[in-house]
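Read through the structure below, which is laid out as structure tokens, and then see the notes.
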Amino acid sequence: WIMGHMVNDLEMVDYYVDKGANGLEIDITFNSNGIAEYTYHGVPCDCFRNCRRNTTLSTYLNYVRQLTTPGDQKFRQNLIFIIMDLKLNRLKSQALFNAGLSIADRLTQYYWKDDGKARAYFLLSVPYVRQAAFIRGFQSRFEEKGLKKYYEKIGWDFSANEDLNRIREAYQKLNISGHIWQSDGITNCLTRRTRRLKEAIRKRDSPGWYINKVYSWSLDRYKSIKYALDLGVDGVMSNYADRLVKILSKGTYKRRFRLATHEDNPWETFTP
């Protein structure tokens with residue numbers, strides 16, 4: 001899985017899909033009441049990137065709906081996965097719950113409005129386990145509106161590099177036991193040790209654990225991308241998706257890996 005990083009306007013969507021990404025990471029901002037409004041990161045962000053690109057979430061979801069709907073004139077077969085990086089850190093408890101309601105509503109109104117013909121999977125990436133009220137709000141709206149059929153398109157991630165055992169406990173409290181990706185990473189401006197990443201991969205491959213997939217971010221250097229692949233990650237988030245495509249086209253990486261397609265289930269743990 002190749003996720004283009006910080007893809008927050010329509011021009012960048014086209015850019016990363018053209019570069020070979022089969023996934024996009026978008027930043028979702030909320031107002032103080034927890035209403036999802038824009039795809040926007042803001043300053044600071046990754047080095048050598050424009051931090052201020054943005055569009056309204058409704059416009060964005062309408063566009064990617066077209067790109068991921070077979071038969072649409074704008075359909076792009078390789079785009080199958082979208083990570084929503086949820087900017088929740090300024091929200092209070094009730095606003096966190098409202099934010100979950102809001103994302104469920106936005107997906108229903110603008111992405112699944114053709115009764116689910118659009119086929120992308122969404123990973124809802126919450127920073128901290130203390131923000132689990134977002135997930136409860138999302139679940140509440142799904143229950144209220146009878147949207148359970150769309151759960152097959154939804155996965156979960158806690159992205160702030162917290163203790164993995166604490167994350168497991170949070171999922172247990174939320175009654176979530178599948179569709180779980182575990183991220184590990186840091187801005188491309190800095191380097192990060194790989195102890196936690198290795199631990200996540202070990203737990204993914206251990207019976208009884210909660211992790212289905214592991215991805216690393218933001219990896220831009222060829223050496224860093226190759227090292228993550230050698231460790232056994234399922235996905236890489238990068239500002240240079242074409243570099244990963246190039247790596248996967250050569251030598252041992254071509255023999256060991258391939259780019260995921262829509263036929264691959266993002267919620268299943270891969271077994272060689």
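Every residue gets a Cβ built from N, Cα and C, even glycine.
Per Swiss-Prot, the features are:
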ACT_SITE  His5  active site
BINDING   Glu25, Asp27, Asp85  Mg(2+) binding site
ACT_SITE  His41  active site, nucleophile
DISULFID  Cys45-Cys51  disulfide bond
DISULFID  Cys47-Cys189  disulfide bond
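Positions of the features from Swiss-Prot, shown on the structure.
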| residue | record | DSSP class |
| --- | --- | --- |
| His5 | active site | coil |
| Glu25 | Mg(2+) binding site | strand |
| His41 | active site, nucleophile | coil |
| Cys47 | disulfide bond | coil |
| Asp85 | Mg(2+) binding site | strand |
| Cys189 | disulfide bond | coil |
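Every protein chain shown contributes to the tally, and the Cβ of His41 (active site, nucleophile) ends up with 24 other Cβ atoms within 10 Å. Take the mean position of the Cβ atoms of Glu25, Asp27, Asp85, the recorded Mg(2+) site; other residues of that chain with a Cβ within 8 Å of it are His5, Met6, Val7, Asn8, Ile26, Ile28, His41, Ile83, Met84, Ser125. Cβ neighbour count for Cys47 (disulfide bond) (all protein chains, 10 Å cutoff from its Cβ): 12. Here Cys51 (disulfide bond) is positioned 6 angstrom away from the residue listed as 'active site, nucleophile', judged by their C-alpha atoms. In this structure, the CA atom of Asp85 (Mg(2+) binding site) is 10 Å away from the CA atom of His5 (active site). Around the Cβ of His5 (active site), the same chain contributes Glu25, Asp46, Trp217, Ser218, Met237, Ser238, Asn239, each under 8 angstroms and 6 or more positions distant in sequence.
Within 10 Å of its Cβ, the residue among the disulfide-bonded residues Cys45, Cys51, Cys189 with the fewest other Cβ atoms is Cys189. Between Asp27 (Mg(2+) binding site) and Cys47 (disulfide bond), the C-alpha separation comes to 16 Å.
The two recorded residues, Cys45 (disulfide bond) and Cys189 (disulfide bond), have Cα atoms 9 Å apart. In this structure, Asp27 is the one among the binding-site residues Glu25, Asp27 with the smallest number of other Cβ atoms inside 10 Å of its Cβ. A straight line from the CA of Cys189 (disulfide bond) to the CA of Cys51 (disulfide bond) spans 13 Å.
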